[in-house]
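J.: Starting off with a structure, shown below.
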Amino acid sequence: MACSTGVLKVFALFWDIVYAIFGLIVIGLGVHVVYKFEHFNTAAFVIIGLGVVVVLAALFGSLGAARESSNISKTFVFLLVVLIVLEVLVVGFLWIFQTSLLINVDKTFDQLWNDQPVPIKPGNQSQIASLERWLDCCGNVGPKDYMLPPNSCYNSESDKLNLEGCRQKFLDFIASRWTTFNFVSLVLVAVEIICALLAYVLANSIVNRWRRSKYYQK
């Protein structure tokens, strides 16, 4: 059974590392949002905070597995159960209220559009300009929104004027990423369930090994 505990330990450490990598990916996503869109900083910091919690939890679980501590492993299981419940509730909320949240995104676009410095110069460096370069779009509904389209309305590779408006492309982008986010969240929950099960089984295996060692000493 010592061998079985060792095997469980290896599997637990492996999945804890996978879990930590997921946390780093989540942190990277949050940093990307902060860098790209300052108007979404609140959501970005929530994402970064979740990533940090995931990484710390993974390190805690790795510590329990590496030291073969049943107490740490059981605490890790409890933390994972709490995280799983919270994440399932959040994903469910986002899924149910997706339409309302997209309406808020649309309002945010209006704010970005109205916050542009007027008159809009060719070298416009506003958040809308960043969107135009990123999504290869121009203006609110198209180039006609400008008297003279800024440089950001032109494709960086072909120098052709982008004819699609940014509002709809931005909403379509957020909607598609929303589905991706929900899918990634469910994958993260699946990884957490695997980590929790392995940590629980490992903790019991450690306790049983300790009991057998005490029994055979008599």
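Quick reminder: no glycine exception, Cβ is built from N, Cα and C everywhere.
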J.: Looking at TrEMBL, which of C153, C166 bridges to C137 via a disulfide?
T.: C166
J.: Let's check the environment of C153 (disulfide bond): how many other CB atoms sit within 10 Å of its CB?
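T.: 25, counting other Cβ atoms within 10 Å of C153 (disulfide bond).
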J.: Between C153 (disulfide bond) and C166 (disulfide bond), how far is it from one CA atom to the other, in Å?
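T.: About 10 Å separates the two Cα atoms.
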J.: Same chain only, sequence gap of 6 or more: which residues have a CB within under 8 Å of the CB of C166 (disulfide bond)?
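T.: Result: F109, I128, L131, E132, L135, C137, C138, G139, N140.
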